Amino acid sequence: NLFGNNSYVYYYQSAFRPPDGWHLHGGAYEVVNVSTESSNAGTNGCTVGAIYWSKNFSAASVAMTAPQNGMSWSTGQFCTAHCNFTDFVVFVTHCYKSGPGSCPLTGLIPQNHIRISAMKSGSLFYNLTVAVTKYPRFKSLQCVNNMTSVYLNGDLVFTSNETKDVSAAGVHFKAGGPITYKVMREVKALAYFVNGTAQDVILCDGSPTGLLACQYNTGNFSDGFYPFTNSSLVKEKFIVYRESSVNTTLELTNFTFSNVSNATPNTGGVQTIQLYQTKTAQSGYYNLNFSFLSSFSYKASDYMYGSYHPSCKFRLETINNGFWFNPLSVSLGYGPIQGGCKQSVFANRATCCYAYSYNGPSLCKGVYRGELTKSFECGLLVFVTKTDGSRIQTRNEPFTLTQHNYNNITLDRCVEYNIYGRVGQGFITNVTNYAINYNYLADGGMAILDTSGAIDIFVVQGEYGLNYYKVNPCEDVNQQFVVSGGKLVGILTSRNETGSQPLENQFYIKIINGTRRSRR
């Protein structure tokens, strides 16, 4: 493999032996994030023969490197390093201890040896024991998605016929660090081969050097102008709104309850109290209408008599005052005011029960043993079954959500846009100074369209007046690289970008450090 100033690593299979010269080939991994870690073990040292520390990733490759001198195979320094490819884990460890709880994954490993293993669903399916004379100290472990390859100190120690991204990796260690984590993405590369061996690499990473070399399939250029095209990777998106704020009224579901005129009395016990008008809330906003209760008389809890709702801190008259539930169900029943509510809650027929009198006949039977055949005054019982939560809210009126819109225009780069409902990609420039003296009429007074119907110029109300913006194509068909003295020195473009210099009817952008790396 080839390393490029810690910014990339390049792998190629030993069977890949092209003729001398430049060749476009995969296998390059560009570093996109670097972090370090000093230690992750407790005061007693790290645990060997086990995976105890892991960091989550979603990457084509992850390299974990120790300082140049490496780390010793001991509980005082290095214990375990691993690569997680989601379906299986590859790890390297050592374990010379014996006894209960020691070496939980590998079992006892001979002294002065290390173990390279692969595990799937808790079962080891690959084991390789290597003497430490081959790897005197731990220096690096790299996980690569291509054929799920794992490299220990630069040597390929595991591969399979699957290609999967790295989902997690980590080094469990006590001292000898720090460990440097390098997260990489896969890119194509233009490699220079001599006698079947790669001597230099140029990444096709969207940089000026990469665009020029990978488009022309060579790293050697004579002086001149080189037209090029590139597809812009759009990373940003903005929206231009017609309104500064928008009100959205969310749906309020109404549950209306009414008196049941033909309800039959219970015949003894709470299980014979028939339920009516059961309504169950799902998620959202609800209004429960109990207006018919105005002709009923609420009966407070009095030992066995009346209502029973210690788990509900509200009355039915106030249930719509913004209470949160998850879930909520309400039913009506007609039963004895004497004991009907309390016994229903004890029997888990409801969380809370509210009793109301309508001066009904004494036709309802008792609910307690010994009173099942006795007659008591019938009343209206309202059963509420609920748990507190965040999916259901009661309200007296619909909920209105106000969204405040801010027009933040992204300039001088290719972006995805949504301008007054029209979407597309473009390179946005501010043309207020050029347009201010003209009378621009627009699509509803806000935009000018070109012949294709796409937005050409649009206007936004700013703090100090109207601002005009022009939408240009993301790709400049007139752009050219400038090579002088064998070096990439600049770009000619028709766009007036930040830092550019006017040159006749075009603009020149100087490239700093545009020299291609020398071949090794």
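Any Cβ shown, glycine's included, is placed from N, Cα and C.
According to Swiss-Prot, the N-linked glycosylation site annotation covers N56 (among others). Less than 8 angstroms from the CB of N56 (N-linked glycosylation site) sit S167, A168, each of them six or more residues away in the same chain. DSSP assigns N56 (N-linked glycosylation site) to a strand.
Swiss-Prot lists N84 (among others) with the feature N-linked glycosylation site, giving sequence analysis as the kind of evidence. Secondary structure at N84 (N-linked glycosylation site), as computed by DSSP, is strand. Its Cβ placed at the centre, N84 (N-linked glycosylation site) has 23 other Cβ atoms within 10 Å.
DSSP classifies N146 (N-linked glycosylation site) as helix under the three-state reduction. What Swiss-Prot records for N146 (among others) is N-linked glycosylation site, and it gives sequence analysis as the kind of evidence.
Look at Swiss-Prot and you will find N161 (among others) tagged as N-linked glycosylation site, backed by sequence analysis. For N161 (N-linked glycosylation site), the same-chain residues 6+ apart in sequence whose C-beta sits under 8 angstroms from its C-beta are M147.
The Cβ of N195 (N-linked glycosylation site) has D20 as same-chain neighbours under 8 Å, each 6 or more residues away in sequence. Per Swiss-Prot, the feature N-linked glycosylation site maps to N195 (among others).
Swiss-Prot lists N220 (among others) with the feature N-linked glycosylation site. In the three-state DSSP assignment, the secondary structure recorded for N220 (N-linked glycosylation site) is coil. The Cβ of N220 (N-linked glycosylation site) lies under 8 Å from the Cβ of W22, G486, each of these being in the same chain and 6 or more residues away along the sequence.
According to Swiss-Prot, the feature N-linked glycosylation site maps to N230 (among others), an assignment based on sequence analysis.
In the three-state DSSP reading, N247 (N-linked glycosylation site) counts as strand. Its Cβ taken as reference, N247 (N-linked glycosylation site) is surrounded by 9 other Cβ atoms within 10 Å in the chains shown. According to Swiss-Prot, the N-linked glycosylation site annotation covers N247 (among others), on the basis of sequence analysis.
Residues annotated as N-linked glycosylation site in Swiss-Prot, with sequence analysis given as evidence: N259 (among others). Long-range C-beta contacts of N259 (N-linked glycosylation site), restricted to its own chain and to partners at least six residues apart, with a cutoff below 8 Å, comprise F292, S295, L380.
Feature annotation from Swiss-Prot assigns N-linked glycosylation site to N408 (among others). Under the three-state DSSP scheme, N408 (N-linked glycosylation site) falls in the coil class.
Residue density at N430 (N-linked glycosylation site): 14 other Cβ atoms are found within 10 A of its Cβ, drawing on all protein chains shown. Taken from Swiss-Prot, the feature N-linked glycosylation site applies to N430 (among others), supported by sequence analysis.
Here Swiss-Prot flags N513 (among others) as N-linked glycosylation site, drawing on sequence analysis.
The average pLDDT the prediction assigns to the topological domain 'Extracellular' (1-520) is 84. The topological domain 'Extracellular' feature in Swiss-Prot is assigned to 1-520; the stated evidence is sequence analysis.
The glycosylation sites shown are N84, N146, N408, N430; of these, the one with its CA atom nearest the CA of N247 (N-linked glycosylation site) is N408.
Residue with the densest Cβ environment among the glycosylation sites N146, N408: N146, by other Cβ atoms within 10 Å. Ranked by CA distance from N408 (N-linked glycosylation site), the glycosylation sites N84, N146, N430 have N430 at the top as the closest. Each residue contributes its Cα atom, and for N146 (N-linked glycosylation site) and N84 (N-linked glycosylation site) those atoms are 14 Å apart. N84 (N-linked glycosylation site) is 48 Å away from N430 (N-linked glycosylation site) when you measure Cα to Cα.
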